[in-house]
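K.L.:
Per TrEMBL, the features are:
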TRANSMEM  20-42  transmembrane segment
TRANSMEM  54-75  transmembrane segment
TRANSMEM  87-105  transmembrane segment
TRANSMEM  172-190  transmembrane segment
TRANSMEM  210-230  transmembrane segment
TRANSMEM  237-255  transmembrane segment
TRANSMEM  267-285  transmembrane segment
TRANSMEM  294-314  transmembrane segment
TRANSMEM  326-348  transmembrane segment
Amino acid sequence: MAESGHGSGGPPPSSPHYRYLDLLFALLGAAAFLADLLADLWVASSYMQAGHCFWGGLVLALLGLSSLAMQFFSWAWYQTDDIEQDLPSGCCLALVHLLQLGYLYRCFRMLRVGWRVCRAETAPQQEQGYAVFLSHDISMLRLFETFLESTPQLTLSLSIVLHTNKVEHFQGLGICTAFLCVAWSLLDYHQSLRCFLLDKHELGLLSSTIYFLWNFLLICPRVLAVALFATLFPSYIGLHFLGIWAAMLLWVWLQGTAFMECPRWEWFYRATVAVILYFCWFNVAKGQTRQRSAIYHGFILVDSVLLAGSWLWYNAPLRERSYLLPVLLAALVCFVLGLLLRITYYMWLHPTLQTRCQASYDEVDTAEGLAGFRAGPAPAPVNRRMYQLSQNHCLVSLQAGRNWGNGVLDDMSL
């Protein structure tokens, strides 16, 4: 295990400002969630009306499982956070989540708090921090929903198109928007991480574009390879997923994550991260990220080549689907280009370089270091979960002896 590295100290970071632009994006995010939900129900009903009950059932199953996971995480965080204001009773809160309304309830609370903060001429730091606190949890839940429902459903839609060799209008639109939503959710998540960091700047236009592109270019070939294999071996794609998921789950466990406040709930987080890793890189622990990232991308590349190669072997020569050969070549080019863009980002555009902080590893606080908080005048709410994950991506300057928890930030340098 790599030793911890600490940079120079500095003044504690000020609470991020919640702007009208943030409120607009929050409103659009809630509207997009509802639109996506309605679109999923429309796709499922279209399949069933066409006599494809199995495909429609899969769409509903993915929708249901992702919703259950989101409600669980939302409810669990309400149980452990000590900063939430004006919450209903525990029974009412549990009923809201049982009705699968927990995420929308969080969106409503964030919009209400955000509107109050934006309307106030001089909103107190406590209110500003609380609005950002709520937005970070929603960003994390949106990321979970993306990889538990949107990405698997995208793979399913693509495999159905390849199987039938035709594209319905709703399928084509859904595939295009799903690709963009996946990459955008990663960008939104990454931006949420950065707002904690004293020595890190927010994403600029160039760095945002590069970060968006390398995520997009790495996810596309992976989804295509899985969809091709599912078209050829629909009975075995489930076994393949379970095998890779179990390997990723073991890998996450070996890295010793401590994301959830309750240790019994940590395995739910690890299982969710294992699903994300089936499609996309996700850093979960301190240590030398470069080596872990190289191992992961090498493994995913080999696995994707084997999946696509199996399809190509059994379908050669390509008579009815000759267009897929250049698509496969383009997917390989996309993967290589995505890796090059990622290297470019971390070598020249990473915020660590902007502040001349030299480091070859990242750091995550231990659970012990994050437990509890100090009292202080006008403390600013801070999201312990998102802050802890931010340590996976950037080297931070930490003042020795600080003590904080999910709710209050005081006298610390990030």
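Placed from the backbone N, Cα and C atoms, the Cβ positions cover glycine too.
All annotation found in TrEMBL is predicted automatically rather than curated by experts.
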K.L.:
Can you name the far-off residues of the same chain, 6+ from the ends of the transmembrane segment (87-105), with a Cβ under 8 Å from a Cβ of it?
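P.N.:
Here the qualifying positions are 30, 33-34, 67-68, 70-72, 74-75, 78, 138, 141, 145.
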K.L.:
If contact means at least 3 Cβ pairs within less than 8 Å, sequence distance 6 or more, would you call the transmembrane segment (294-314) and the transmembrane segment (210-230) in contact?
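P.N.:
When sequence-distant Cβ pairs are counted, the transmembrane segment (210-230) touches the transmembrane segment (294-314), since at least 3 lie under 8 Å.
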K.L.:
Under 8 angstroms for C-beta pairs, at least 3 of them, ignoring pairs fewer than 6 apart in sequence. Is the transmembrane segment (210-230) in contact with the transmembrane segment (237-255) by that rule?
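P.N.:
Judged by the Cβ rule, the two regions touch, with the required three close pairs present.
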K.L.:
Sequence-remote contacts (6 or more beyond its ends) of the transmembrane segment (20-42), Cβ cut-off under 8 Å?
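P.N.:
For the transmembrane segment (20-42), the list is 59, 63, 103-104, 107-108, 110-111, 114-115, 118, 131, 135, 138, 142, 145, 149-150, 153, 170, 174, 181.
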K.L.:
List, by number or range, the same-chain residues at least 6 past the transmembrane segment (237-255) whose CB is under 8 A from its CB atoms?
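P.N.:
Result: 226, 229-230, 270-271, 273-275, 277-278, 284-285, 287, 303, 307.
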